[in-house]
């Protein structure tokens with residue numbers, strides 16, 4: 001099946017005499033004490049996470065925004081006193097020991113400078129702080145001032161515009177700052193250079209003072225909740241310059257919730273819950289939270305239909321909502337992202353926002369216009385340029401961008417879960433105009449549950465390999481054949497990525513066995529067996545007699561038929577308790593289909609004329625092995641599947657789309673080798689019709705993308721399917737598997753990448769990340 005793509009006779013992972021594994025070799029799961037794992041408290045963690053999904057969103061205080069709110073004067077008292085004195089109290093009580101305010105990190109001194117100067121302004125303006133507190137803050141600014149122009153420091157959005165203006169505000173208030181004048185000149189020159197380039201000046205309007213038309217800003221950008229951009233700082237700045245009842249109501253509503261401080265963005269409920277859903281899915285623990293996730297998505301879709309500000313006024317939120325809703329079959333259309341197809345207007349956008357747009361651009365359906373393709377083109381180029389220019393300072397974000405671009409065609413689910421656990425930072429800091437933490441989304445509970453669940457799977461995967469080895473070496477004697485590829489370890493790896501739930505181990509074992517057998521049979525038909533032996537094996541399976549009653553012409557035919565017979569009988573027995581019927585006849589039929597496909601391919605090698613592309617794809621769909629492997633596998637997913645469902649039109653479309661993706665991607669990688677061996681291949685067929693190699697490959701890739709869109713549409717639809725989502729997902733994962741296997745440029749790259757992924761999945765324990773330098 002998929003092994004056709006591997007084609008790696010020299011690959012150490014495919015050694016014909018691969019040694020059996022010993023229990024626990026290289027398995028260090030027991031060392032996970034570094035992340036405080038206890039396999040007994042998963043239920044408690046699930047309960048706590050469910051409460052987070054349903055409860056109030058947790059977000060850290062923003063010293064920067066609280067300071068701007070503290071600067072708002074009370075107009076009822078002729079602006080001679082603060083309108084929000086409780087914010088001043090918070091500032092006084094929350095200075096850091098080094099004199100700064102805000103979240104601290106060595107890589108975020110610009111953020112600390114911004115927060116500290118912002119806090120000094122209202123303290124000095126209203127004359128409420130002790131001289132020592134002010135001196136400590138001023139001293140921090142003096143000692144850290146050089147960081148303001150350091151390109152290696154992570155910069156908050158709009159820092160180059162806002163920070164110089166706050167220096168000017170300090171000067172207007174007679175607050176002396178011991179800053180080098182050359183540095184101040186550089187800051188203001190940088191500010192002047194940034195002003196014409198920044199396409200989102202209104203968002204950083206607190207750094208523009210009287211130079212901006214505040215009435216126009218309010219008219220164009222004030223949201224229904226009274227805020228400007230859901231930003232307390234910008235809203236407070238508007239209220240300082242223009243008395244606006246809605247702005248005041250917004251700030252009052254904030255302080256009724258947070259009492260003495262404000263966050264840097266509010267409201268953030270929709271975005272926070274979408275992030276939480278995205279993490280639960282990406283970390284592989286979503287199966288514990290199906291009702292909660294569905295509730296979040298239903299509410300999000302309701303707001304989507306209303307074009308709610310909280311979604312549509314936030315680019316990252318809109319992109320994430322589109323992706324998550326579409327992947328669950330909600331009717332959302334790409335025109336909602338049409339405003340973002342012009343990449344030039346996003347020069348000043350954060351890399352994390354562009355990454356969200358990039359991920360949204362990949363969820364394409366057949367009926368879509370070119371919006372998502374255009375979005376994909378510029379976001380891919382933007383992110384690639386960010387990597388090449390080394391401008392992403394946050395190492396966690398850098399790894400996320402690298403991971404997404406490297407796997408832009410597809411990634412296996414379990415590998416994705418494992419790598420997402422590595423990327424999950426419980427102390428993760430996000431940054432807008434200031435840095436903040438998001439405990440609802442990044443917390444120890446989610447990490448521990450993900451790590452514990454992964455360790456449970458990892459231990460189960462180890463047991464399954466030993467079970468597969470007994471089947472392969474003892475029950476089937478497949479290693480007694482002196483030809484062909486032993487892909488047992490790879491099929492074990494592939495099966496682990498088809499279903500992650502440790503309880504569905506029979507499904508993984510079935511998938512691994514079926515792929516191993518199809519690979520052995522394919523090698524026999526392709527390189528070793530004669531036409532007569534190929535006919536004989538098909539007839540033996542059609543007649544289905546006990547191996548001991550048959551006189552075989554060769555040991556190879558005996559081993560192969562006996563392996564098919566024994567394995568099929570065993571799978572049918574194991575499927576019976578769930579299915580309530582014997583599936584043996586279905587499996588026999590599928591074996592005949594795939595072997596007939598092999599036979600047709602053998603005959604085509606000696607044919608005088610090539611088939612046309614449609615005829616070839618029909619043959620290739622059968623011979624790639626998706627039908628027997630996936631249609632056998634889905635009987636072990638814990639849901640009842642009738643024979644009518646398996647033989648029905650929907651299933652036919654599902655497996656044929658998945659098979660076409662795999663076959664055509666295989667062809668792109670192997671056509672040069674197969675051309676030398678005088679075999680048929682879709683690329684060769686198109687080149688024979690007059691296309692160049694480049695044109696032929698491009699045409700095949702377009703077919704693949706179209707098939708992928710068709711497959712995704714069948715998988716995500718919410719109505720009209722006879723299969724539950726877990727079954728339809730098996731075909732989506734099969735398509736992703738094709739992209740994973742054929743995402744490499746040569747036969748030597750593949751084993752190295754796969755070997756690394758196998759090590760992560762089967763041996764390496766997850767490690768906790770807790771570093772305040774991880775900022776997005």
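Cβ coordinates come from backbone N, Cα and C, glycine included.
When Swiss-Prot is compared with the stretches 512-516, 517-521, 522-526, 527-531, the one noted as motif 'DDXXD motif' is 522-526. The Cβ of 526 has fewer other Cβ atoms within 10 Å than any other of the binding-site residues 522, 526. When Cβ-Cβ distances below 8 Å are used as the criterion, the motif 'DDXXD motif' (522-526) is approached by residues 1, 3-4, 483-485, 533-534, 537, 556, 560, 595, 598-599, 601-602, 623, 625 of the same chain, each at least six residues removed from its ends.
Within 10 Å of the C-beta atom of residue 666 (Mg(2+) 3 binding site) sit 25 other C-beta atoms, taking all shown protein chains into account.
For the motif 'DDXXD motif' (522-526), the model's pLDDT averages out at 85. DSSP assigns residue 522 (Mg(2+) 2 binding site) to a helix. Using a 10 Å radius centred on the Cβ of residue 674 (Mg(2+) 3 binding site) and all shown protein chains, the other Cβ atoms total 19. Residue pair residue 526 (Mg(2+) 2 binding site) / residue 666 (Mg(2+) 3 binding site) shows a Cα separation of 15 Å.
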